[in-house]
Amino acid sequence: MSSSGLDEIDLNSLRDPAGIFELIEVVGNGTYGQVYKGRHVKTAQLAAIKIMNINEDEEDEIKLEINMLKKHSHHRNVATYYGAFIKKLPSSTGKHDQLWLVMEFCGSGSITDLVKNTKGGSLKEEWIAYICREILRGLYHLHQSKVIHRDIKGQNVLLTDSAEVKLVDFGVSAQLDKTVGRRNTFIGTPYWMAPEVIACDESPEATYDSRSDLWSLGITALEMAEGHPPLCDMHPMRALFLIPRNPPPKLKRNKKWTKKFETFIETVLVKDYHQRPYTGALLRHPFIKEQPHEQTIRHSIKEHIDRNRRVKKDDADYEYSGSEDDEPSPNNRGPSMGIRDDSESSSMIPMDNTLRKGFQKLQESSRGFAEPGAQQLRRLPQQPAPAPFQYQQSRYVEPRRESSEVKLRAVSSRGAADGPRHSPASRPRPVSHHQRSPQQSHPAAPHLADLANYEKRRRSEREERRERERQAHHAMPIARVSASVPAPQQSRKMSEPLLITHVKPEDLDVLASELSKMGGHHNGRSREESMSPPPPAPPPREASISSITDTIDVGELDNGADAEWDDLKDIMMNGEGTLRGPNKPLPPTPTDGENTLVSDVRRNGNGNSGHGAYKGKKIPEIRPGIISLDDDDSDSDNEEGNEPLMFKPINASSSRGALPDLLPKSPQLRRQINDQTRQMSDDRADESASLFGSFYQPNGFQNSDSRSSIQHSFSNRDREKSFVGYFGGGAGAGGGTVNRPGRPQDINQVQVNVTPNSNGTPAENDAPEIRKYKKKFSGEILCAALWGVNLLIGTDSGLMLLDRSGQGKVYPLISRRRFDQMTVLEGQNILATISGRKRRIRVYYLSWLRQKILRTEGAGSANTTEKRNGWVNVGDLQGAIHFKIVRYERIKFLVVGLESSIEIYAWAPKPYHKFMSFKSFGSLSHVPLIVDLTVEDNARLKVLYGSTGGFHAIDLDSAAVYDIYTPAQSGQTTTPHCIVVLPNSNGMQLLLCYDNEGVYVNTYGRMTKNVVLQWGEMPSSVAYISTGQIMGWGNKAIEIRSVDTGHLDGVFMHKKAQKLKFLCERNDKVFFSSAKGGGSCQIYFMTLNKPGLTNW
């Protein structure tokens, strides 16, 4: 279509659909938007309504689709176009308005649905002939108008209630240039795509014409005959590579097909499109022309559909709710359990050029528009003058996306003065996902209403509160929190903490967001202002402020980068007594560093402030009178300074502001609080003094700040649970030393504390710390993976989750199934595992696991997912030994080692949302015990694997298998531990660890360093850590070495021999477990305190 023709379509002149059409439910996804079942308000006639967000980048494409529908939808085999509307959204500047395309509704679904609902996944031959004929008639109409559909497939061929066939989705249609008559753009869905269309992406000179639709018709006929298109088990990018290179597909002989059907398939599936007939010629083919009476076929199809019509919600498998975003990089990932639903697109329009180019480059080295998350539509009761529909965002929406929360106007003098946001005279707008009704649809409405009435309760209880304050004046002091308010407001007193009990977890993110908006105008206040403690007040009744944070749903976290895991900020009381909150949903409370509590104590309100630090572990339960809010520094340990109501590592020299008086003022009462905190801390984690005796580093030295006084301040209990460390200057050459740079070296020993430090010393230990979770597991712990801040644990009898964000509770998730290995991909909403008796590669949806946790807590619906499968197997693999997920740019490869082969899968984004086969290598001479994948010079893929005979490589281009290192011991088997692809080596340099040694080689087997890494003893586990170090767990010690040089950075000496197993790591946090002894296992984690880690 010419640009002048597009200019004739003025989107802004279209009418608003309010009062004309109403939405009923989501029925599918088009190229540029979701498709809804709708109803004409006056006539009740059903219609299909495609809703698209308008933006400048795709405005021309949308106009093109409208033009195509207007001109070419007047045919019996093309869905009729009724009209277009513009939905004006609240507060919209026009950039985010919605376009509604209203079309004929086809109530019997797509051809793909028909195939799925047919026994055996194969339609009758006469049905296939009828459907192919109707498709050809529709295509003939389009081709006569010089239009190529370019996305013919089962999902884009719909059936009406009377079994009429209609073509839909003109989003990728193209009008041919009247002179050339050919296109050279790359678009369509991979498995149905014609070879000449794929060639256009590889060669600018390649072209195609309308006959590319006939290849797609042939693939659709195979889909109807066999249940799926050819190569559908392959990754779509792999299919794009193979379609032009493989011979044309044919009908399989497992079913008796007529000769004319076979010749029809052979006629349309000709690779050279110049030899392919045109549409008019195919309409005269015997398979198309010689058919039974049309009414007979339509009647039989209709009867079949009516007989097999099922309620999708009851019988559907668990729908994938993942993300098209990349997994955050290991050094920049936000520990998040948030899950986002992405709608499934039905085609791969210019799908991920970067991704496609990356695959193409990898496979040949030797020779869009982001749709919103899937939304569930919920009808609201009739309201005066609104549109009769509402969007409801999916349950698994990331907190940072919840920008359309209800605006709460508190019933107070301040709120009354502000006035309503919109005047009553303003024109009412239909309710949408940008504007919700708190009275009817908001899940946190009761809690928000409680906040709104809080001022009234405060006034009525003022006298009672004053009396209680006088009575409590002589009782034990309570740790109080004061808001940072201007001087005129400092005389106001904070009333009792807001009591919120039995809050549903799914409501808490919304509630936290509302609290933040109530207090948003205070966030810009300088943190350097001192905060004077208010007079004592009685303890809260049943709950405290902590009930907001302690019960927060650990699943509603963001999948983004570290910025989404900022500190817990500014929970305070304003002068009117209103509880105020952060500017984003509250994160889980524990710190991965496990947790340094810091307070800057202001003494009795005078100008002199004393600095005191309390170093300890997460307090598992907030007792009345103690307000404890922890900062999660799991991914960012470099933040220093004092912020209101945050406990975090702090530099002693930092004096950016003062903290409230969080600790009692008298020494005696402060000791009581410290003892109470210590006792509660022991309920979650114990220091491992019984297991680890000393920590050494070569050529030890002492920090410049004197630590000798620390030793004398320890209690006997503290001293017993400390260990000794030596800091070595020689380790600096290894590049992986734990020593902080710039400190003088000394041979004196220093005391390293792993216990709560109550005497005000800053928590800046250079040596690693080890903590032990008190929970004992009866089964053998085989693997673990971090999911957000929490830990998924696989044992020989099930899967469970250790809630590190709360009180250390363990949630059982799956029982009676062995889990040997696991990896979490939060961006894809999956947990990949080797599990079960047959050792399958099984992928679990994190959102499904999250629902199990919510049901355990009584917060989730009991019927939410019980009838859905929350997992899927990868291929038909059995007997998996080891797998590795490797990221290359935006591609995620899954490499699986089996008993005699190695399989490679790649993650396919929407609409597939699964790992799909990429390549396979069978009949290996060595059993792969560990596997890995490297990309040499950003171009060549190589599989690396270790066996009892050494280490080997497979070149993906040539499929050549060769040895890269074979240990010298003849006749002896080796135990491979790990393969490390060294950083900054273009995927060429390796560290291969086996037995008690490690060697440096390149991917071609040549030694690169005349160095052999030598462990002090045979390790049971070896792992590469993100700090640039490699760790070995032996029976007598844990060694930490530089991965670049193999130099020893430090070693933990055990007090008694014990076998340990590495589980997982993130940044400088390392988790490992003890072997099953005495009937139970325990989990330890180590914080390496790597210098400069925050810059990694």
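Just so it is clear, glycine is given a Cβ too, placed from its N, Cα and C backbone atoms.
Annotation comment: Swiss-Prot describes 21-288 as domain 'Protein kinase', evidence class sequence analysis.
Around GLY33 (ATP binding site), taking its Cβ as the centre, 25 other Cβ atoms fall within 10 Å, counting all chains. Positions annotated as ATP binding site by Swiss-Prot: VAL27, GLY28, ASN29, GLY30, THR31, TYR32, GLY33, GLN34, VAL35, LYS50.
Annotated active site, proton acceptor per Swiss-Prot: ASP151, in sequence order. Note on ASP151 (active site, proton acceptor): other Cβ atoms within 10 Å of its Cβ, all shown chains, come to 26.
Per Swiss-Prot, the feature compositional bias 'Basic and acidic residues' maps to 293-315 (among others).
The feature region 'Disordered' is assigned by Swiss-Prot to 293-351 (among others).
Annotation source Swiss-Prot lists compositional bias 'Acidic residues' at 316-328 (among others).
Residues annotated as compositional bias 'Low complexity' in Swiss-Prot: 380-393.
Residues annotated as region 'Disordered' in Swiss-Prot: 380-492 (among others).
Per Swiss-Prot, the feature compositional bias 'Basic and acidic residues' maps to 397-408 (among others).
Annotated compositional bias 'Basic and acidic residues' per Swiss-Prot: 453-472 (among others), in sequence order.
Under the heading region 'Disordered', Swiss-Prot lists 517-545 (among others).
Residues annotated as compositional bias 'Pro residues' in Swiss-Prot: 532-541.
Feature annotation from Swiss-Prot assigns region 'Disordered' to 574-664 (among others).
Residues or ranges marked as compositional bias 'Acidic residues' by Swiss-Prot: 629-642 (among others).
Annotated domain 'CNH' per Swiss-Prot: 778-1070, in sequence order.
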Would you report the average pLDDT that the model assigns to the domain 'Protein kinase' (21-288)?
85
Round to the nearest Å and give the CA-to-CA distance linking ASP151 (active site, proton acceptor) with ASN29 (ATP binding site).
14
For a quick check of packing: other C-beta atoms within 10 Å of the C-beta of VAL35 (ATP binding site), how many?
20
Other CB atoms within 10 A, centred on ASN29 (ATP binding site):
21
Across all the protein chains here, work out how many other Cβ atoms are within 10 Å of the Cβ of VAL27 (ATP binding site).
18
